[in-house]
Amino acid sequence: ADVMRGELLGRDAGADDYGYQQAGTQCFGEGAPPEGGRGRSHEDSLTDESSSVKIESMNIDQSSSPLERAALLERAAKYAALSDPARLRIVDLLTLGDLSPTELQSELGIPANLLSHHLRSMELAGLAVRHRSEADKRRSYVRLAPGALEGLTPGREHGARRVLFVCTRNSARSQLATALWRTASDIPAVSAGTHPAEHVAPGAVDVARRHGLDLGGAKPRLIDHVAGAEDLVITVCDNAHEELPGLQGIHWSIPDPVRLDSEQAFEDAFADISRRVHDLAPRLRAA
């Protein structure tokens, strides 16, 4: 295990800290705190503030609970600590295992007092902790703090009863987004268009099939016939988004694969939508 760690870190696995005890102590310190054209407007059914879910920017002082503020400040402290390349490298190294201050100093090529500053900043941010060696009490090891990297991305900040994906024709992007959403979240999802096509684009059906999804029974629908008062509306094409200027929701600017009508265009759209769906789903909770 020591040899493997040494190979991973590019160092001699047998390196000893004896003789560097003072640097090790200084580095962490004794007693340190351990998708057409545009037409009629559909704003009437969607733009009233009470008719759709509004995603607002968070006012830390007025809109957040004390717990939310504390969590946000904790995340900010971690991001601040990780903004330094040396500290980010330390985290990379510690994901492999525990290291002594001397080993870290050797890996980073920085003096002991600078390493001490970095480690203390990481400790205060809840990223690192130190413990004494069971074999040699003069030796200490640094490790990632429990849950050190948790909470760096936002949690479930917004509630939604249903998600409505909207594009102009409701023939490709919004259909794919709905199918993907249903694999990633228990929150119901539907799709609609501002000027729906007669059928779903064959390219969308094909790319969905290649990825294990079925759009065989999907049919384009008009947004006015689908939208609900409490839907979280996500526009997935610029035309639809700009046709609904007062809409309070989310916009994903995804290029129209139907324009190019190539397999690659649909694959690119699928990948883009898939990434966005899987980024957003963990942040929404059922309302």
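Heads up, the Cβ atoms here are built off N, Cα and C, so glycines get one too.
Residues annotated as region 'Disordered' in TrEMBL: 1-53.
Per TrEMBL, compositional bias 'Basic and acidic residues' is recorded for 1-14.
Per TrEMBL, the feature domain 'HTH arsR-type' maps to 67-160. Mean pLDDT for the domain 'HTH arsR-type' (67-160) in the predicted structure: 88.
Here the domain 'HTH arsR-type' (67-160) has, by DSSP, the following mix of helix, strand and coil residues: 47 helix, 14 strand, 33 coil.
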